[in-house]
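One structure is given below, encoded as structure tokens.
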Amino acid sequence: MDQNTKKQRAAEAAISLIKPGTVVGVGTGSTVNYFIDALAANKIDIEATVSSSDASTARLKALGIDVYDLNEVSTYDVYVDGADEVTNHKHMIKGGGAALTREKIVAAVAKSFICIVDDSKKVDVLGKFPLPVEVIPLARSYVAREIVKLGGDPVYRQGVITDNGNVILDVHNLSIIEPTALETQLNQIAGVVCNGIFAHRPADLVISASETGIERW
Ligand SMILES: O=C[C@H](O)[C@H](O)[C@H](O)COP(=O)(O)O
């Protein structure tokens, strides 16, 4: 079974957790694209969505699904998003598609976070996937030097501007033993907008698809 089929199966497994009449939080990426398509195909009568990126907003609207501005919503039940890595503790690395900051905000407003992945994303320790850090453009070199002091190897993601007008540093060679502490530490560097560790707000449920079926934890 190829990776895209697994992504699709994880996305479709999340559909049964979506209740009619509710607002649904929608993440970003190829796995979430399958979720958006399944939301439309299953014709679940949701009230609307809130979205974590311009790309997801465009896909939702193209399929006739309403998108609320997050400022119109005080809270909502379920946020569904993919991840680049996820652990048994439901900590994640996100931001491979540069959408980490809006994802963290939209996830923060949700009562629960459902992470949908194929089984290649499951890891014991975060950090093999280079950690995305969104940075104010003016601060790029300064932030990179500060990250080197923390033991990481930052690489500027050339040609990528986030939906917020910022740039991304991908930090290689981190073994993230204490994700909550590193999430906080990175956020304290002046010029960092957000980093891709989701540990302060982990997932509540991970749905992972493999050759043999769906695993939930
Ligand atoms: O910025 C992108 C997001 O964090 C994605 O959720 C993450 O990169 C996983 O993407 P995909 O489902 O395409 O593997």
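Using the three backbone atoms N, Cα and C, a Cβ is placed for every residue, glycine included.
With Thr28, Gly29, Ser30, Thr31, Asp81, Gly82, Ala83, Asp84, Lys94, Gly95, Gly96, Gly97 listed by TrEMBL as binding substrate, the candidate from Lys6, Lys61, Lys111, Lys121 annotated for that site turns out to be Lys121. Compute the center of the Cβ atoms of Thr28, Gly29, Ser30, Thr31, Asp81, Gly82, Ala83, Asp84, Lys94, Gly95, Gly96, Gly97, Lys121, which mark the site for substrate; besides them, the chain residues with Cβ within 8 Å of that center are Gly27, Val32, Ala99.
When every Cα pair among Thr28, Gly29, Ser30, Thr31, Asp81, Gly82, Ala83, Asp84, Lys94, Gly95, Gly96, Gly97, Lys121 is compared, the largest distance found for this substrate site is 16 Å. Sequence-distant contacts of Lys94 (substrate binding site), defined by Cβ-Cβ distance under 8 angstroms and a gap of at least six in the same chain, are Asp81, Gly82, Ala83, Asp84, Leu100, Glu103, Lys104, Pro132, Gly196, Phe198. Cβ neighbours of Lys121 (substrate binding site) (same chain, under 8 Å, six or more residues apart in sequence): Gly82, Ala83, Asp84, Glu85, Val86, Ser208.
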